[in-house]
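**Student:** Provided herewith is a single structure, encoded as structure tokens, for subsequent inquiry.
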Amino acid sequence: MFPNGAAPRRVVVTGMGIASPLGLGVEHVWKRLLAGESGISAIQAFDVTELPAKIAGQVPAGTKATGGLDLNEWIPVKDQKKMDRFIQLALVAAAEAVEDSGWLPEEEEDRAATGVMIGSGIGGLTTIYDASQLVASGRARRLSPFFIPSALINLASGHVSIRYGFKGPNHSVVTACATGVHALGDAARLIAFGDAEVMVAGGAEAAVCELGMAGFCASRALSTAFNDTPEAASRPWSEDRDGFVMGEGAGVCVLEEYEHAKNRGAKIYAEVIGYGMSGDAHHITAPPEDGSGAFRSMRAALRSAGVAPEQVQYVNAHGTSTFADDVELGAVERLWGDAASGLAMSSTKSAIGHLLGAAGAVEGIFSILAIRDQVAPPTLNLDRPSRETPIDRVAKVAQERKIKVALSNSFGFGGTNASIVFRAVP
Amino acid sequence: MSETAEKVKKIVVEHLGVDEAKVTEDASFIDDLGADSLDTVELVMAFEEAFGVEIPDDAAEKITTVKDAIAYIESQKG
């Protein structure tokens, strides 16, 4: 598979962008995350009377200057109606990441060497809901010609490529809540294999809508006991956790072949050194109690990174605030063994909720920033854990720590697991 | 300018996001106003909605300029 029998090439991160419930912009969001702020709030965009879960992590309105979202600052008004919100959020995060990387090629050859792989767990759910109502009311002929391209998941990658002229591989991942990690990992492998020099990769999600909320409520996945105290609802590993909190947003990284980045003098945040995947082959929504899927995913990632567990100082957990938190914890304890006591592991979903297909990309960025700034972001609301562990779960307050290597986990419905490993580049 | 013409131009400005001054009666949606084929489909739907008329596909294909749209709508309202 490798051209001319060459070895895999090194891949580094040279740009990052975030749209999240803690706002827009990597530095703004990171600062708020480290300060222990929460992005979870009551849903006001639609009527939640009939829904048992009435809160979510929503991208706040505002302006670039205030770290909030005003779509008109990012996307021409006439184009906004051609894309679902998940695509809009992808464009916002991609714009930040691409600008940050300084990679805006004009040459045809450079553009052809730059690809896009932005995925989503669900895609244009609001668009599908609205269109269905139109058709159901006998008005099929009034359906917008932009309905299909607005709802399709790979149109996030499509729009980013069109905006910047990136003519390399154009791909998209759809693996539920593992999407973000799969996108970063798969895109890194495309670069390692020589299919592209640069990949704009990540995930986007905008399922905080009537249908999305009702759907996850129906599968009994969401927290319902903290509607009056939204910031306390996402409480990974807590004794009284009762489900995840829906979140929306997007995370996008610019991944780049190491020499390519060095030659153009790009700022390098971290290197992608490992990537692992597994399938549970167990149940459509629940992991096996023994955490074997998570275990094998992390083990594969560490093997591909060529590092031992004791060389990893930080894990950004999948930790959704459900029963599965302790399943993941058990898997980490078994894999790290005696080294578990030296490990910090936090769930940043405690602050932003579960961004589904965007989660892995946003949390990957948090893991990279943990390496850059030598600090582990906190797990909010962790007063009374359901069980003890030698692992430091960074309860409530961020911790300065020596972090050279970090691993981020994302697991999805269908029993799909993915782990990615980053390290500092000296 | 007739009431129809004014309304048509307003719809074109809104849907295509173009400057009002560019929306002359001779302006072609695709050649002058930056529309693509999906934009023109949506534009015709907007005319149908706004004027309460039905524009069949074969007639819609012939509506390529602002003037065409005004003429067709006025003929239907007749």
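Keep in mind that glycine also has a Cβ here, set from the backbone N, Cα and C atoms.
Features from TrEMBL:
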DOMAIN    B:2-77  domain 'Carrier'
MOD_RES   B:SER37  O-(pantetheine 4'-phosphoryl)serine
**Student:** Let me check the 10 A CB neighbour count of B:SER37 (O-(pantetheine 4'-phosphoryl)serine). How many other CB atoms are there?
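**Tutor:** Counting Cβ neighbours of B:SER37 (O-(pantetheine 4'-phosphoryl)serine) within 10 Å gives 9.
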**Student:** Using DSSP, how many residues in the domain 'Carrier' (B:2-77) fall into helix, strand and coil?
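**Tutor:** Split by secondary structure, the domain 'Carrier' (B:2-77) comes out as 50 helix, 2 strand, 24 coil.
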**Student:** To what whole number does the mean pLDDT across the domain 'Carrier' (B:2-77) round?
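**Tutor:** That stretch averages a pLDDT of 95.
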